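Feature list (source: TrEMBL):
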- 12-40: transmembrane segment (TRANSMEM)
- 71-196: domain 'ABC transmembrane type-1' (DOMAIN)
- 76-94: transmembrane segment (TRANSMEM)
- 106-130: transmembrane segment (TRANSMEM)
- 142-162: transmembrane segment (TRANSMEM)
Amino acid sequence: MLNSYTSPIERIWYYALRILCALILLFLVLPVLVIVPLSFNSGSFLVYPLQGFSLQWYQDFFNSAEWMRALKNSMVVAPAATLLAMGFGTLAAIGLTRGNFPGKALVMALVISPMVVPVVIVGVASYLFFAPLGLGNSYTSLILVHAVLGVPFVIITVSATLQGFNHNLVRAAASLGASPLTAFRRVTLPLIAPGG
């Protein structure tokens, strides 16, 4: 936020950063804004100008058993995997940012590794692990693998938030009689939630 004491150079940097962020946002959103109208095209090809307005592609989607099965799978897997990733990722981030223990960098590298390992390798390894257990084609395996792939993103986000977290607030809650769980639920979680 600018104030009356801001120098001209600081003002230039302030507005330049705002313009850069707006351009990046436009770059990310523009493809969606271009593609969405094409979904209402009556023609078979994705071309401008539109050949006519039609809901044919939406009708085909909702009348297709394959697409409905895929949609159902997504509606089952996504919420469960998200909740698991958020829970385990938040706990891991708290443990990794609070403690100084031998091998901390190695543990951090291991929990972040699903982010850098190609998804094909994760998929094959997951299948080879779950198939002998009889879970090769189950929601359980799919949810667990998606949660594992989501945990690194949660860890990075929550860890960044915890870097500026004042741990004295948790100590103050404990000194006032709060149990560790209550201190986490009433102090830590509300303060790190915006970054999670």
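Easy rule for this one: first residue shown is 1, then count along the chain.
Just so you know, glycine gets a Cβ as well, placed from its N, Cα and C.
TrEMBL: automatically predicted annotations, no manual curation.
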Contact ranking winner - 12-40, 76-94, 142-162 against the transmembrane segment (106-130), Cβ under 8 Å: 142-162
The domain 'ABC transmembrane type-1' (71-196), counted residue by residue under DSSP: helix, strand, coil: 104 helix, 0 strand, 22 coil
